[in-house]
């Protein structure tokens with residue numbers, strides 16, 4: 001299946017149903033009074049994370065999602081039916097952004113997590129709500145409020161503990177094949193990897209971590225060269241980055257300059273990402289003598305001003321790979337994911353019915369002083385009106 005990590009969709013919540021103007025009319029009951037019911041609330045639009053999905057390709061074709069409108073109220077104090085909700089399923093790791101405001105509405109990081117992205121409209125009130133000791137035959141009602149409407153950007157960001165970055169043909173895909181069951185394509189030409197891939201590294205029956213491989217970066221990636229830097233977002237949730245450096249590039253390029261290019265593109269993309277823990281890993285040491293490899297790695301590290309630890313491995317022959325993986329595992333155990341902010345309770349929207357009624361009644365009384373016929377709402381073609389006649 002094609003990997004798609006971005007999609008734009010339109011979500012529209014249902015409008016609230018209108019209230020009804022109706023009067024009870026039965027034999028032998030000449031003054032039955034008002035019996036117009038309230039409308040129903042509009043349906044909501046929800047996002048739900050599903051671990052069985054791994055791409056947003058479905059939303060390249062289906063771009064509009066609309067919840068059901070609440071039904072109008074009816075006579076005999078019948079309340080309109082609430083509109084049905086719409087649930088949009090997305091892969092775990094999806095970020096939801098409101099394109100109108102640029103606000104991040106939420107990150108879907110757990111299976112089954114739900115996020116309200118469009119709230120349905122409130123229902124309108126029937127004329128029964130306006131009955132009082134001084135208004136025995138109210139002919140007023142209110143219409144339902146419109147539901148939310150939003151243009152959303154969905155961004156899929158892979159959930160991994162370890163992220164790999166480097167130039168094309170640095171050996172990233174070979175490494176992930178060596179340490180996990182993932183089988184990304186490996187070949188002797190640049191940009192063999194076209195989409196991100198994940199691999200689970202199992203150290204023993206109880207210890208494991210997830211590593212992410214993304215397409216290689218080249219100079220000018222921030223301006224769109226090569227495959228650009230759009231895949232770097234998949235590393236934002238990683239706890240440590242493995243910067244793979246081809247210790248002896250077959251094209252004769254300078255490993256120091258190659259490393260600086262990666263660091264520069266990383267900083268152009270995000271200072272936060274550039275500040276993440278990053279380990280230097282010199283790959284393909286099987287192509288030269290051990291002593292020569294150690295001396296060359298030391299020279300490269302000094303040229304980069306690198307003061308931390310670095311690793312020498314050969315992903316193809318798995319030389320030094322196991323030690324690196326155990327060090328990664330130890331780092332992950334010693335640096336657990338920071339406790340996310342306390343799970344925010346869904347925002348509770350309290351609709352103050354007493355205040356709402358009071359406000360509506362005040363408006364009705366003000367209108368009644370000017371013209372008793374002003375509140376018939378003749379523009380509402382959907383509302384049901386039954387008027388008691390003598």
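Just so it is clear, glycine is given a Cβ too, placed from its N, Cα and C backbone atoms.
Of the candidate ranges 127-147, 148-168, 169-189, 190-210, Swiss-Prot annotates residues 127-147 with the feature region 'Disordered'. Averaged across the domain 'OBG-type G' (160-333), pLDDT for the predicted model comes to 80. According to its DSSP assignment, residue 314 (GTP binding site) is in a strand.
In the three-state DSSP classification, residue 284 (GTP binding site) falls within coil. The most densely surrounded of the binding-site residues 172, 284, judged by C-beta neighbours within 10 angstroms, is 172.
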